C-alpha cells in the first residue's frame, strides 16, 4: 500500500522540534502561495490544505457534517468493524484519547468506516457500545464508497481500499490524523503504537494551548 505521509519517525521528529522551539505544531498537507493586496502593497500569503464540506451518518443514524466539528480540534481514523488486523489495536489506543478528553467541548474523534456494505449505523452503534463509547464526542461515521475513500486519500492523506486478498477484504493505513479548528492537518500518528498515541495527546494539548493563547 502506498504511503501518503512521511514515515512516522520523521513526522514525530518534525513535530517535536516545532513544538520545542515555538510551542506550535507544523501544518501538513499541500500548500499554495497566493498574492494579495494589503494596504496597497502586494504580499504573498500561504493557503494551506483544509478539509472540505462532508456529510455522513453516525452510529445513531443522525447526519454529521463538517459543521459538527466547527470550533473543535479532532482526531480522525479509518477502520471497519470486522477488521481482524490493526483496527482492534488502533481503537484500544484511541480509547486512551477518548478517556483523556471525555467531556472536553473542544475535542472530538471521528472514525470513518471503509466497509460501506456491512457497517450500517446499527453495526456502528453495536461496535461503539462494546467499546464503552457513549454520546457523540466520538463519532463513528458511514458514507458511500466514493465519499469516504476520496475524503481519506485526497484530504486526510490516508490510503484505504478494497482488496479481496486482504484479511477482511479491505486495506487501510493506521494513521490517527489531528485536525485543528481551522480544518488544517496538524499531525499524523501511527495508531498501532502506544508511544505515538502518547505523542498525539501531547500534541493535542499543544494545539489546544495555541487556540487558548490566540497563537494559531
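Backbone N, Cα and C atoms are what each Cβ position is placed from, and that goes for glycine too.
As recorded in TrEMBL, the features of this protein are as follows:
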{"type": "DOMAIN", "residues": "45-209", "note": "domain 'Thioredoxin'"}
{"type": "DISULFID", "residues": "83-87", "note": "disulfide bond"}
{"type": "BINDING", "residues": "83, 87, 172", "note": "Cu cation binding site"}
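Projection of TrEMBL feature records onto the structure.
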{"residue": "83", "record": "disulfide bond", "Cβ contacts under 8 Å, 6 or more apart": "167, 168, 170"}
{"residue": "87", "record": "disulfide bond", "Cβ contacts under 8 Å, 6 or more apart": "79, 80, 81"}
{"residue": "172", "record": "Cu cation binding site", "Cβ contacts under 8 Å, 6 or more apart": "78, 79, 80, 114, 152, 158, 159, 160, 161"}
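Within 8 Å of the centroid of the Cβ atoms of 83, 87, 172, where the record puts Cu cation, the same chain has further Cβ atoms from 78, 79, 80, 85, 86, 90, 114, 168, 170, 174.
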